[in-house]
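This report refers to the structure that appears directly beneath it.
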Amino acid sequence: MVSIRPDEISSIIRQQIESYDQQVQVSNVGTVLQVGDGTARIYGLQQAMAQELLEFEDGTIGIALNLEEDNVGAVLMGSGYGIQEGSTVKATGRIAQVPVGEALVSRIVDALGRPIDGKGPINTNETRLLESPAPGIVARKSVCEPMQTGITAIDAMIPVGRGQRELIIGDRKTGKTAIAIDTIINQKGEDVICVYVAIGQKASTVAQVVDTLTEKGAMDYTVVVSASANDPATLQYLAPYTGATIAEYFMYKGKATLVIYDDLSKQAQAYRQISLLMRRPPGREAYPGDVFYLHSRLLERAAKLNDQLGGGSMTALPIIETQAGDVSAYIPTNVISITDGQIFLSSDLFNAGFRPAINAGISVSRVGSAAQTKAMKQVAGKLKLELAQFAELEAFSQFASDLDAATQAQLARGQRLREVLKQPQNSPLAVWEQVAIVYAGLNGYLDDIPPAQVTTFTQGLRDYLRNSKPKFPEIVGNEKKLTDEAESLLKEAIGEFKQGFTA
């Protein structure tokens with residue numbers, strides 16, 4: 001009979017206990033109570049954080065937006081068709097991040113930074129938080145460098161500086177996107193990284209924009225972020241933050257960046273949809289109470305950094321669509337108050353054939369004048385005033401039959417200045433070209449040229465300067481100001497070209 005030794009048994013048990021090593025996985029899990037319309041209500045998830053990423057059973061990712069006493073409200077970043085009532089949801093412990101880096105340049109990505117251009121994966125290991133804090137007061141510096149748009153009317157009267165936020169506002173089909181695209185095209189050779197964010201647009205429209213940028217060689221320094229109209233509202237709401245995050249990476253590397261949000265009205269509508277589905281109380285125009293913060297925290301990320309942080313900049317050109325020119329609606333007034341000025345596009349001017357259809361009277365740049373090139377400042381100082389006076393006189397002259405010679409001269413000058421500022425799409429001008437034509441218009445050199453021929457004259461003058469007076473573009477390009485020598489060359493060129501033009 002085998003004798004049982006208690007000490008041997010106890011040592012075996014002790015060994016077994018010591019060698020027992022089971023990995024315990026603790027996860028924050030919840031259950032779907034209700035799902036539909038791109039939102040889900042989840043029971044559990046006691047430790048969920050605001051804006052935390054949640055993973056559903058079918059692989060769909062959501063974001064925790066409402067943290068309530070007994071449930072969590074989440075928005076889905078997918079269709080959610082595979083999610084059922086009672087299915088499990090896991091908290092990931094991560095806040096939304098997007099990939100960033102040089103590899104994104106010349107690519108088209110969705111609101112989560114995933115490539116959608118069919119050119120394979122994006123090779124980058126770096127990510128940034130989707131919602132990063134904006135640079136503080138000490139980190140910033142005054143706007144001091146120009147961001148040339150290549151559009152004479154803007155660069156002369158409503159100049160934009162690097163690090164500025166300039167709103168482009170107007171009715172549908174007034175050329176808002178055209179101004180933004182021209183600005184991107186004009187950054188060629190300027191070492192500026194551009195990010196174009198398309199929010200809630202037709203996929204065909206985005207494809208057209210990409211074609212234009214590719215044709216002009218602008219995709220080499222541009223990232224396109226697209227959340228089209230058939231994407232979930234969550235992605236349309238997140239897309240602008242993705243664009244800002246991608247640009248922020250380059251800004252902190254000391255580069256100049258330009259971000260275009262086309263357009264923030266659709267982002268606000270997507271956010272309104274999400275908020276109403278999450279049963280948040282509606283406010284004015286049914287928008288939630290924090291819709292101002294939605295845009296202010298986005299646009300505050302645009303800045304000109306100080307030299308200690310590398311002197312990089314992020315210039316924001318948000319676009320807002322108005323209804324029948326109503327700039328006093330909720331979202332337009334919000335964004336006007338956040339930005340550093342606005343470029344107002346008028347459908348009346350557009351239909352009358354004045355393109356870009358910029359209404360100089362109510363367009364303003366609050367900080368750009370500090371960044372305007374000296375040459376343009378010297379030349380275009382009186383331009384806005386002249387055009388404003390002309391607009392007033394034009395309205396008055398419709399009722400007056402006999403006008404004195406001075407008024408007639410001012411009306412004639414105004415008509416020609418308006419013609420000078422007309423510009424075809426996708427053909428931005430260099431600073432010296434803008435300086436030359438504005439100088440000719442303001443100093444009366446075009447007064448005896450019929451308005452219908454002003455465009456032909458200015459085009460010819462630019463070609464004449466380029467070929468016969470190459471020193472003029474060189475001086476203005478290098479010195480950034482209109483020196484006496486440059487001015488005499490310009491006067492000479494205008495005189496010589498005019499003789500041949502009128503002969």
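We count from 1, first residue shown onward.
Even glycines carry a Cβ here, placed using N, Cα and C.
Per Swiss-Prot, these features apply:
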BINDING   Gly170, Asp171, Arg172, Lys173, Thr174, Gly175, Lys176, Thr177  ATP binding site
SITE      Ser363  site 'Required for activity'
Exercise. List the Cα distance (Å, whole number) between Ser363 (site 'Required for activity') and Gly175 (ATP binding site).
Key: 15
Self-check item: DSSP three-state assignment for Gly170 (ATP binding site)
Solution: strand
Practice problem: Can you see whether DSSP assigns Gly175 (ATP binding site) to helix, strand or coil? | Solution: coil
Quiz prompt | Spatial neighbours, same chain, of Lys173 (ATP binding site) - Cβ under 8 Å, 6+ residues apart | solution = Ser347, Phe350
Practice problem: Based on Cβ atoms within 10 Å, give me the single least packed residue among the binding-site residues Arg172, Lys176. | Solution: Arg172
Quiz item: So among the binding-site residues Gly170, Gly175, who's got the most Cβ atoms within 10 Å?
Solution: Gly170
Quiz prompt | Shell list (ATP; ref centroid = CB of Gly170, Asp171, Arg172, Lys173, Thr174, Gly175, Lys176, Thr177; cutoff 8 A) | solution = Glu321, Leu345, Ser347, Phe350
Quiz item: Helix, strand or coil at Ser363 (site 'Required for activity'), per DSSP?
Solution: coil
Quiz item: If you draw a 10 Å sphere around the Cβ of Thr177 (ATP binding site), how many other Cβ atoms fall inside it, taking every protein chain shown into account?
Solution: 21
